[in-house]
Structure formats: C-alpha cells, structure tokens
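Written out below as structure tokens is the structure these notes cover.
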Ligand code: GLU
C-alpha cells in the first residue's frame with residue numbers, strides 16, 4: 001500500500017477509458033494549443049527563438065494533417081520585460097500591474113513578429129486576436145470572437161490569441177491564459193485542448209523539488225484529490241500548474257479531452273495525434289458518467 005493511497009488513486013484511471021480518450025485526442029479535427037511564457041522565453045526573459053520555432057514546427061505537424069489549430073500564446077509581458085529591462089519590480093503592487101500591462105504591449109508586437117516569421121517558413125498565415133475574459137463572457141462579443149475565428153480557420157489561418165493585457169484591469173494574473181484557453185476550447189467546440197508547459201505533465205509533487213514525484217498519466221474521477229495535491233503548489237511563478245489543471249478539468253467536464261504536456265518534448269503534438277501516451281491526459285466526461 002503506498003504511503004498516501006489517495007495519491008495513487010489520482011493515477012488509476014480505467015485503462016479502457018484512458019485508451020478511448022487517447023484515440024479521441026488523436027482524431028481531433030480542431031485543437032486549441034496553449035503555450036506558456038516559460039515555453040517561449042529564456043532565463044533573461046527574452047523571447048527564445050529556438051523554443052518558439054519548435055512550437056511552430058509542432059503546430060505545423062497538426063496543420064499538415066489538416067487539423068485546425070488555435071494557438072493561445074502567453075509571453076507578451078515576459079518578452080516586454082526582457083526587451084526593456086524596466087521591471088516589474090514587484091508583482092504585487094498597483095505599479096507593477098500598470099508596468100506589466102505596458103510591458104505586454106511592447107512584448108506582444110515582438111511575439112507576433114517572431115510568430116509571423118517562424119510560420120512563414122511553412123507558408124502558414126497567422127492572425128493576432130487579443131481578448132479579455134469580459135469579452136468572452138459578453139454574448140455579443142463572444143459571438144464576434146467565434147465568427148472571426150471560424151472565418152480564419154476556414155481560410156486555413158492559425159489564430160494566435162492572447163489576453164488583451166493592456167485593458168484587462170483586474171486580470172493579468174498568472175494562469176489567465178490557462179482559463180482563457182479552456183473557455184475558448186469549450187466555446188469553439190474544440191476536440192482537444194493541449195496545454196504546453198515547462199514540465200512534461202502533472203506530477204504527484206513538484207518535480208523541480210521532489211525527486212520522488214511521479215508523472216500522473218491520466219486523470220479521470222480522481223480530480224478532487226489532484227486539486228489537493230496541486231492546490232498549494234506553484235501559483236506564484238508564471239507557469240503554475242494549478243490553473244492548468246483547473247483549465248484541463250473544465251474542458252474535460254465539457255466532454256473534451258485535455259492534455260498537459262511538456263513543450264520541450266520532441267514532436268509533442270505529433271505524438272499526441274499519433275495516440276502515444278504523452279503528458280497527463282484528462283479523460284473527458286461523457287453523458288453516461290455519474291456526476
Ligand atoms: N497574457 C500574459 C502574457 O502574455 C500571460 C498570462 C498567463 O501567463 O496566463 O504575458
């Protein structure tokens with residue numbers, strides 16, 4: 001018996017359901033890919049061209065098989081910070097919010113320049129969409145958002161979505177884009193959400209500090225226990241796992257599979273659409289499941 005049987009429980013999803021969810025993920029026609037700041041910037045907070053090119057190549061693995069992709073990309077504040085070298089000094093104060101908002105406007109342009117150039121290697125067009133949670137909550141604005149995205153996808157364009165940090169007053173918090181990408185996946189009737197991060201999935205502890213932490217391959221009805229494990233975790237740095245888990249869970253509760261995986265893993269998106277075990281899979285709830 002493991003020391004903490006309930007940790008084990010998180011990882012003991014029914015193998016048949018896991019396999020079915022993997023097949024569903026592999027057959028996805030519309031995928032939301034979310035990439036976090038750490039997956040796009042280097043230790044000095046500068047946009048990392050190698051990481052960004054890898055992400056773009058991974059997205060193109062999906063595009064080349066005809067899959068529609070919406071990329072939700074963070075990195076604007078990070079890239080602005082690396083560029084201007086002016087702060088933010090503290091992430092807690094009002095000034096730091098104003099600074100982060102202003103930095104995002106510098107970084108967003110740099111981010112899109114890199115995306116445009118990198119996707120051009122594959123003759124792939126991209127579009128920029130900046131939204132706030134408030135936009136997605138307002139039915140008319142949400143309709144406009146979905147109409148725009150549907151049109152872009154029908155043209156074969158990859159929309160690159162980020163939060164409109166400059167105007168998102170109460171927001172601009174770590175993990176905003178995790179929640180944004182979940183809402184977008186549900187609202188756009190996506191077939192799969194992939195959240196890419198700098199660890200290769202969800203672990204039973206913090207893998208950066210705890211050598212015994214084990215990768216949780218699949219989450220089904222063990223979500224409550226998982227929430228306890230990640231609840232006190234790493235919410236203070238960009239890339240905290242808690243909001244990724246929440247976003248993936250929201251999506252899976254809406255019948256859509258979600259996967260949290262490592263952005264550095266080789267061919268990460270190609271592996272997923274080949275049905276190979278990758279990262280942590282959130283098994284979607286079906287109409288037959290007991291609540
Ligand atoms: N919108 C922020 C940025 O682009 C990131 C927010 C998040 O990490 O969720 O820098």
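Just so it is clear, glycine is given a Cβ too, placed from its N, Cα and C backbone atoms.
Keep in mind the model is a prediction, meaning the values are calculated, not measured.
Per TrEMBL, ATP binding site is recorded for 34, 197, 198. Mapped onto three states, the DSSP output places residue 34 (ATP binding site) in strand.
For 74, 165, 177, the entry in TrEMBL reads substrate binding site. The local packing around residue 177 (substrate binding site), expressed as other Cβ atoms within 10 Å of its Cβ over all shown chains, amounts to 27. Following the DSSP three-state reduction, the secondary structure of residue 177 (substrate binding site) is helix.
Residues or ranges marked as compositional bias 'Basic and acidic residues' by TrEMBL: 14-24. Residue counts for the compositional bias 'Basic and acidic residues' (14-24) under DSSP, split into helix (H, G, I), strand (E, B) and coil, are 10 helix, 0 strand, 1 coil.
Here TrEMBL flags 30-261 as domain 'Aspartate/glutamate/uridylate kinase'.
Taken from TrEMBL, the feature region 'Disordered' applies to 1-24.
Around the Cβ of residue 34 (ATP binding site), a 10 Å sphere holds 29 further Cβ atoms from the protein chains shown.
Of the listed binding-site residues 74, 197, the Cβ environment within 10 Å is emptiest of other Cβ atoms at 197. Within the set of binding-site residues 34, 197, 198, no residue has a CB atom less than 6 Å from any atom of ligand 1. The binding-site residues listed here are 165, 198; among them, 165 has the most other Cβ atoms within 10 Å of its own Cβ.
Checked against residue 177 (substrate binding site), the binding-site residues 34, 197, 198 differ in C-alpha distance, with 34 being the nearest.
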